[in-house]
Amino acid sequence: MSDTVKVGFVPLSTAPRGILVAFCDESLRLGAATDKALGGAAELIQRAAAAARFKGKDGAVLDLLAPQGIKIQRLLVIGTGKSGDHKEKDFLKYGGTLAGKLNAGTEPVMVMAELPSGPMTPDQASSLAAGIRLRAYRFDRYKTKKKDEEAAVSAAISLAVADVAAAKKAFAPRSHVTDGVILARDLVNEPPNVLYPEEFAKRASALRKLGVTVEILDVPAMKKLGMGALLGVGQGSARPSRTVVMRYNGGKKGDQPVAFIGKGVCFDTGGISIKPAGSMEDMKGDMGGAACVVGLMHALAARKAKANVIGAIGLVENMPDGNAQRPGDIVTSMSGQTIEIINTDAEGRLVLADVLWYVATKFKPKFMIDLATLTGAIMVALGTEHAGLFANNDDLAEKLLKAGQETGEKVWRMPLGPEYDKLIDSQFADMKNTGGRHGGSITAAQFLQRFVSDTPWAHLDIAGTAMGAPKSEVNQSWGSGYGVRLLDRLVWDCYEARS
């Protein structure tokens, strides 16, 4: 897992050194402990703010050389906007903002976890710390020469808090979730010659150290199960396909598990229906759903979530070859349903079809959610701000929408219905793997729905959010790790919020 900045907690009364980070609202007021740490220099700071036209707007930053006579070299003041009720995602953002202003160096950094109204709560301070870690992430392990501006923050960062023990306790689970996001980012960012199905499965097996049971299904095992849809996708690759099933039991013995399923196309050329050359290199990220599931399982197991959870990922390469799947082929899925292949570049749904059926029938989960960089059509519809949400269960959909609002990993519900489902009927088989030009993300979801039986189910099309999305306060990486925080919050809301 990629290294990121080290964050710790110290008492609010600690004397600052090096770089000091403070917070103010639109009145430009500082907290009492911050003002004391600055030796009563608030008036001087207000004059500097006026000269810089800094008004304390939410996320704005005032960057100053420290006033003379104070034992710090630099002062960063971050605006929090109007005083009022700030959400967890706001403090995550503030942490990312301040980390973005810190250069690589050895100067100690102290962050005054204090608002003008008083000290931040342990939850607020821990969200701030998580935001710092997420923003500081870099994936540069293959660079032999690094520019100064590309270097990660190297100094340790101390958050000055009112209650150190409470802040550490609140941060522990958030730190594990952050580790899960970082793991997911690492997997998405890896080059495809390094991260192929067998290697991906090997990395997922490292979760055993956290008490996760990991089972790896090889090609003979999948053939025995009848996973013809998944195996058809990978038959043109020299790299054999894999399905990885991860089980974490943190809930009550005998309770139904919940399940998360990820599309893991480690590289997608499109197969015989080959993609254009432009930006094909981005298809190393077509396993963003599987990366999220592995990162999520890490987060849940490490923080000891109180739920029984299944994570399952189908891992393939979609390559053109003399043995590759052809348009016109008909394959038989594990469910027994037959599928006519119209376009070999609509492969992710074939992978998911068998894994969804396997999980639904073997584990009978309370609900299951799949994640996939499934369609370009969802990016046409929603851009890169929201993942597409499709569901056969309104309660599950509402819980996902709520978790998205709380974490900032937003989803937008899209329609399903028989009018769309009939578009994937085939003349020669039970169904075909594409439904035509229009409503492409919807017909892809309708295809998946045919493999979930009566299980409450949601599908997240993360093609616009998992990779190459616009950079944000908490993510400067090509691979975003989208979905780990969203689904961790869902598990928390469903199983732990009242415990």
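Cβ atoms are placed via backbone N, Cα and C, with glycine included.
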*asked:* The Mn(2+) 1 site in Swiss-Prot lists Asp345, Glu347. Which one of Asp268, Asp282, Asp421 belongs there according to the record?
replied: Asp268
*Look at the Mn(2+) 2 binding annotation in Swiss-Prot, where Lys263, Asp268, Glu347 are given, and name the residue from Asp255, Asp286, Asp329 listed for that site too.*
Asp286
*Using the centroid of the Cβ atoms of Lys263, Asp268, Asp286, Glu347 as reference, list every other same-chain residue with Cβ within 8 Å of it (recorded Mn(2+) 2 site), in sequence order.*
Val233, Gly264, Val265, Met283, Met287, Val316, Asn318, Gly348, Val351, Ala372, Thr373
*Go through Asp345, Glu347, the listed binding-site residues, and name the one with the sparsest Cβ surroundings, counting other Cβ atoms within 10 Å.*
Asp345
_Checking your reading of the structure: which of the recorded positions Lys275, Asp345, Arg349 lie inside a 10 Å Cα sphere centred on Lys263 (Mn(2+) 2 binding site)?_
Arg349
*asked:* If you count, for each of the recorded positions Lys263, Lys275, the other Cβ atoms lying within 10 Å of its Cβ, which residue has the minimum?
replied: Lys275
*Return the residues near Arg349 (active site), defined as same-chain residues 6+ apart in sequence whose C-beta is under 8 angstroms from its C-beta, sorted by sequence, else 'none'.*
Ala372, Leu374, Asn433, Ala444, Phe447, Leu448
*Taking only the Cα atoms, work out how far Glu347 (Mn(2+) 2 binding site) lies from Lys275 (active site), in Å, as a whole number.*
12
